[in-house]
Amino acid sequence: MSEEIMEQAMNIILFAGDARTYCERALNAIADFNFADAKENLALCEQHIIEAHTIHTKIVQREAAGETFDYMMLFAHAQDTLMTIASEIHLTKKLLNMYRVIDERFKNLEK
């Protein structure tokens with residue numbers, strides 16, 4: 001059982017890590033005012049973080065149903081990674097909206 005949880009923890013870390021990569025690309029695109037690329041990378045980011053979250057949720061639901069698991073540092077790390085990157089995604093979406101407003105205001109000033 002612990003091998004299965006360890007494997008799932010690694011999958012969470014991998015999917016979340018891929019989400020972080022796309023999130024970083026989105027942030028770079030936002031900084032360049034390239035909103036189309038930012039939106040595309042955020043969509044990919046969302047797909048990966050949803051995969052990680054789905055794996056996590058299934059394990060939590062199993063435990064809620066009465067199945068017991070030994071504590072695993074790797075799973076704790078996976079949870080931490082998932083939540084940290086989910087927060088980064090949330091902030092990146094906010095930054096995208098802010099930069100769009102700033103860009104629009106600059107364009108209006110240039111008219």
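Here the Cβ of each residue, glycine as well, is placed from N, Cα and C on the backbone.
Fair warning: this is a prediction, and the values are worked out from it, not measured in the lab.
Record features, source TrEMBL:
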type	residues	note
ACT_SITE	His77	active site, tele-phosphohistidine intermediate
MOD_RES	His77	phosphohistidine
BINDING	Asp80	Mg(2+) binding site
Sort Asp80 (Mg(2+) binding site) into helix, strand or coil using the DSSP assignment. helix
What are the sequence-distant neighbours of His77 (active site, tele-phosphohistidine intermediate), meaning same chain, six or more residues apart, C-beta distance under 8 angstroms? Ala9, Ile13
Number of Cβ atoms other than its own within 10 Å, given for Asp80 (Mg(2+) binding site): 12
